[in-house]
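Enquirer: Starting off with a structure, shown below.
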Amino acid sequence: MDRLLRLGGAMPQAAPPTDAPVVDTAEQVYISSLALLKMLKHGRAGVPMEVMGLMLGEFVDDYTVQVIDVFAMPQTGTGVSVEAVDPVFQAKMLDMLKQTGRPEMVVGWYHSHPGFGCWLSGVDINTQQSFEALSERAVAVVVDPIQSVKGKVVIDAFRLINPNMLVLGQEPRQTTSNLGHLQKPSVQALIHGLNRHYYSISINYRKNELEQKMLLNLHKKSWKDGLTLSDYNEHCSINEDTVAEMLDLAKNYNKSLEDEEKMTPEQLAIKNVGKQDPKRHLEEKVDKVMQNNIVQCLGAMLDTIVFK
């Protein structure tokens with residue numbers, strides 16, 4: 001009975017000491033470019049189902065968690081949950097990664113929420129509890145591959161709040177730094193227990209000069225892309241459609257010239273407001289069809305000479 005009273009905070013022994021250290025919130029999760037790309041690619045491939053995987057990295061200090069790489073887990077998922085981790089596959093995968101020069105430890109796990117934001121469900125909280133039983137600083141990352149667009153990744157990192165702290169009346173966290181910024185919590189995340197059962201950790205992306213060059217060259221076109229031949233049937237149909245559009249634009253341009261002769265200067269100033277400018281569109285179509293045909297003819301001639 002005494003233990004129950006102490007646990008409930010009804011006795012003086014349950015009061016926390018005033019100088020006791022409180023959990024710090026200055027912690028940041030640094031995710032590498034490779035890990036972020038692999039998480040987004042894995043999440044996009046699993047749509048509309050949830051997917052999950054493990055994050056490899058290191059706990060640099062009390063304020064830094066570095067995620068260097070990730071790998072996918074072969075689990076079955078539904079639209080709203082994923083099952084627990086397979087320990088046998090995890091052990092074999094870590095052994096094989098060590099042989100390839102990837103000795104980092106597991107710092108947490110990630111999973112996708114395709115289309116419904118970043119938060120932890122009841123199943124996710126149970127999975128995170130199993131990770132935090134092995135390491136108190138384990139991180140759960142949630143990524144939304146549907147809402148993520150170029151230049152804005154919808155992602156967030158979470159860690160559970162110790163329920164014993166709330167029972168004893170202690171503050172679960174304290175803010176001692178302004179590094180980084182937290183994601184603005186959504187209504188759905190607050191409904192599912194954000195800041196009650198788990199809290200958010202700020203995420204940062206640390207890139208060196210070589211990684212920036214690699215990312216800039218990821219979808220960069222080379223000189224040979226301009227000489228790639230398109231399918232002749234497709235090229236012919238595109239030419240026919242473009243010429244038909246040019247004919248309509250030429251008729252509209254001729255009609256607009258006739259109308260301009262009857263307009264006053266005030267009417268001429270606003271005649272194209274909110275309307276299609278046939279002259280400009282006609283010039284664009286002519287430039288486009290000339291470029292496509294020149295590249296197609298040049299590529300065909302080069303192929304004829306080279307592979308003769």
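Keep in mind that glycine also has a Cβ here, set from the backbone N, Cα and C atoms.
As listed in Swiss-Prot for this protein:
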- 29-164: domain 'MPN' (DOMAIN)
- HIS111, HIS113, ASP124: Zn(2+) binding site (BINDING)
- 111-124: motif 'JAMM motif' (MOTIF)
Enquirer: Taking only the residues in the domain 'MPN' (29-164), give me the average pLDDT of this model.
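Expert: Average per-residue pLDDT within the domain 'MPN' (29-164): 88.
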Enquirer: Let me know the DSSP-derived helix, strand or coil state of HIS113 (Zn(2+) binding site), please.
Expert: coil
Enquirer: Can you break down the domain 'MPN' (29-164) into helix, strand and coil residue counts using DSSP?
Expert: 41 helix, 45 strand, 50 coil
